[in-house]
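Only one structure is covered here, and it is reproduced in the block below.
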Amino acid sequence: MWGNLHSFSDFFVTGDPMILGAQVSIALAMIAIVFVLTVFKKWGWLWREWLTSVDHKKIGIMYIIASIMMLFRGGVDALLMRLQLAMPNTEFLHAEHYNAIFTTHGVIMILFMAMPFMFGLFNIVVPLQIGARDVAYPFLNSLSFWLFFFGAMLFNVSFVIGGSPDAGWLAYPPLSELSHSPGVGQNFYIWGIQISGIGSLATGINFVVTILKMRAPGMKLMKMPMFTWSVLSSCLMILFAFPILTVTMALLFLDRFLGAHFFTLDAGGNPMMYINMIWMWGHPEVYIVVVPAFGIFSEVVATFSRKKLFGYGSMVFAMIGIAVLSFFTWAHHFFTMGSGADVNAFFAVTTMIIAIPTGVKVFNWLFTMFRGRIRFTTPMLWTIAFIPCFIVGGMTGVLLSVAPADFQFHNSYFLIAHFHQVLIGGVVFGYFAGLYYWWPKMFGFALDERLGKWAFWLWNIGFYVCFMPQYFLGLDGMTRRVYTYDFDMGWGPLNLVSTIGGFIMGIGFIFQVWQIAYSIKVHKRDTTGDYWDARTLEWSIPSPAPLYNFATEPTVKDVDDWWETKQKLAKGEKLPAKPPLEPIHMPKNSAIPFIMSVCWFGAGFGFVWDWLWMAIPSMVGVAICMLARSFSYDTDYYIPVDEIKRTEEAAMKGASV
Ligand code: HEA
Ligand code: HEM
Ligand SMILES: [Cu+2]
């Protein structure tokens, strides 16, 4: 029970200047934060307004802040790797360090950047888009956020305490078993993912219920905005995929902790079992993160083409089709591992079929733009750039799905280029489009377009410069996960170009941070609530939305209900009178999600080090939190009518409608 801690240097990673630098800067940053909060007396505010909040809008903002920080960390990881690959004859990163960095980069980008960014947008947009006052389970929503947050922190802590995992982002055994990875890094991996994964599953449940049960009267399923549809498909995938991840991590933990041999060849286990299970989650996972991006593009393209989205019904069916098919393609990740021709053929065909619904969507976006009066705002630019980028990335995916060809492409830089192209060109561009699009709704002021366009071009140019050469490197035989190569292979120049592209994207990111800082300073206020002259319900209320979102429950008649309402108003038609204000039922803030997640963090940290003295009391803490919640009855309140009136009047001052 005293675990695998032998000395101080096992605990604090020492001896590496980069890690020492990180330790010092984290310590300094923490001191600075504590100092600022204390000097400005902001602790109470932070606790009451944010850490204990169950308001979906605030939770959404916290998700996005955390994910942007993670984008920074994942991006620094990426650039360090790119530097090493541009200088293969140096030991800028030595082999072990390189392994650790591609592992943390992959995990952080997918699980701690893409997922929370996506959840942030779900939280901010979905209740507003369907005319609801909050999500179905606000308390659970807060718990999900804090589980994600502390899971991510636990994972990140490994960099300075104990050492990072280094068995790849999906931790295949036997490499990830105790015999091959005796350090604690892999334990951090398991517990970081396990804790945040439970949060993700809970979010999936929450949004499925929210969307199915809390839509405004009149909003039939086939009248939901396309983003809401994409969230529903993504969350349905989460419901089926994340339990597999939880079980896989639990079994790997049992292997490492108790010597259970689920995934070792001795004592009857089988590593192929792990590989199947992790991809049964892992493949749907990439669609879980990309489908909401499709939803965002659909909203943006309709708003800025000033046209109804083309092919609503086919969009919905395409999305559901992708969600279902995504569970039947997992084995394309290991065509080369000996499943046999029949199995490979089956999975090759199912994979190729996914190109069809995806293609339907692409054509729908193009047709929406066709003959539209397009406004080239930043959200629209990201959307337009996404289309060719994703088509090329998707097409190279189809090439990979040709099983015999994959024997050549597998684990080469061709694969690396494919997935970065769909992940950056699809997911990252999509979420950026979403952030730029909904920013005025989140904060009530707009982002500076000029700096935004700089960031856009830098990211785009950087992207192609970075990843296009990698296809050729892959075809030339360069494999993934190598930190050096012989200069005689002739890979040097293209790698150098690729690295330059990576840094151009890095500059793009700096421009975005600058853009946000600048826009906060300039504070170009949006008084209309409908900054882009958009189409869906979230734009019918003031920006930022009041605590209760809708003073009176909206009724919905059309797909783009707000747009139709505006048309009617313009024609001078009278709208039906709004019902009188009534007190609004709201959930109360709670400290339990935060405290419970801290306990989970403690338990995770304890298990990482085999410190049962820490893990068990922390788990007891978790149980006490659950009990405390079961016995708390004072969980809601009503906002009185005169307070609603006051808020509405203040918000509507200067508003157009
Ligand atoms: C958002 C993430 C994302 C998305 C959307 C996709 C989309 C696709 N992926 Fe990709 N993929 C990854 C992320 C993603 N992938 C990751 C992370 C890995 C590697 C993980 C690792 O090993 O670490 C991977 C690996 C991977 C492999 C494994 C290769 C190997 O390990 O050797 C394969 C093989 O089939 C594959 C195929 C596909 C296909 C066919 C699609 C399709 O969905 C693409 C469909 C889209 C189009 C085709 C373009 C638009 C369509 C048209 C314009 C219509 C006309 C086109 C045709 C009829 C062809 N992907
Ligand atoms: C900002 C630009 C980015 C650059 C320059 C970059 C660069 C890299 C590099 C150099 C590798 C290691 C390749 C290898 O040696 O095998 C890598 C791996 C990876 N990247 Fe990125 N990346 C970027 C963004 C992203 C994003 C946004 C995501 C996800 C949303 C992502 C997901 C991954 C994954 C999953 C791996 C595989 C890790 C593994 O092999 O275990 N990357 N990336
Ligand atoms: Cu896949």
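Cβ atoms here come from the backbone N, Cα and C positions, even for glycine.
The domain 'Cytochrome oxidase subunit I profile' annotation in TrEMBL covers 39-557. When averaged over the domain 'Cytochrome oxidase subunit I profile' (39-557), pLDDT in the model lands at 96.
Per TrEMBL, the feature transmembrane segment maps to 20-40 (among others). Residues 12-14, 46, 159-160 of the same chain lie 6+ residues outside the transmembrane segment (20-40) yet bring a C-beta within less than 8 angstroms of a C-beta in it.
The transmembrane segment annotation in TrEMBL covers 61-80 (among others). Counting residues 6+ beyond its ends, the transmembrane segment (61-80) has Cβ neighbours under 8 Å at 18, 50, 92-93, 101-102, 104-105, 108-109, 112-117, 119-121, 123-124, 145, 148-149, 152, 156, 435, 442, 502-503, 505-506, 509 in the same chain.
Residues or ranges marked as transmembrane segment in TrEMBL: 100-126 (among others). Away from its own ends, the transmembrane segment (100-126) comes close to residues 56-57, 59-64, 66-68, 70-71, 73-74, 77-78, 80-81, 93, 132, 135, 141, 144-145, 148, 152, 155-156, 158-159, 163-171, 185, 189, 192-193, 196, 200, 203, 207, 210-211, 227-228, 231, 234-235, 285-286, 288-289, 292, 296, 423, 427-428, 431, 434-435, 438, 441-442, 481, 538 of its chain (Cβ-Cβ under 8 Å, at least six residues beyond either end).
For 138-161 (among others), the entry in TrEMBL reads transmembrane segment.
TrEMBL lists 188-209 (among others) with the feature transmembrane segment. Within the chain, the transmembrane segment (188-209) has long-range Cβ neighbours (under 8 A, six or more residues past its boundaries) at 103, 107, 111-112, 115, 119, 122, 126, 135-137, 140-141, 143-152, 154-158, 162, 164-165, 167, 171, 176, 231-232, 234-236, 238-239, 242-243, 245-246, 249-250, 252-253, 256, 597, 600-601, 604-605, 607-608.
Residues annotated as transmembrane segment in TrEMBL: 229-254 (among others).
When Cβ-Cβ distances below 8 Å are used as the criterion, the transmembrane segment (274-297) is approached by residues 110, 114-115, 118, 121-122, 170-173, 226-231, 233-234, 237-238, 240-242, 244-245, 247-248, 251-252, 262-263, 319, 322-323, 326-327, 329-334, 337, 361, 365, 383, 386, 419, 422-423, 426-427, 429-431, 433-434, 437 of the same chain, each at least six residues removed from its ends. Summarising the annotation, TrEMBL assigns transmembrane segment to 274-297 (among others).
What TrEMBL lists as transmembrane segment is 309-331 (among others).
Long-range contacts of the transmembrane segment (343-367) within the same chain, counting only residues at least 6 positions beyond its ends with a Cβ under 8 Å from a Cβ of the stretch, are 294, 297-298, 301, 309-311, 314-315, 317-319, 321-322, 325-326, 328-332, 335, 383, 387, 390-391, 394, 397-398, 401-403. Under the heading transmembrane segment, TrEMBL lists 343-367 (among others).
Annotation source TrEMBL lists transmembrane segment at 415-439 (among others).
TrEMBL lists 493-514 (among others) with the feature transmembrane segment.
What TrEMBL lists as transmembrane segment is 591-609 (among others).
Among residues of the same chain six or more beyond the transmembrane segment (415-439), those with a C-beta under 8 A of the stretch's C-beta atoms are 64, 109-110, 114, 117-118, 121, 124-125, 286, 289-290, 292-294, 296-297, 299-300, 303, 377-380, 382-383, 385-386, 389-390, 392-394, 396-397, 400, 409, 446-447, 452, 459, 463, 466-468, 470-471, 474, 480, 512, 532, 538.
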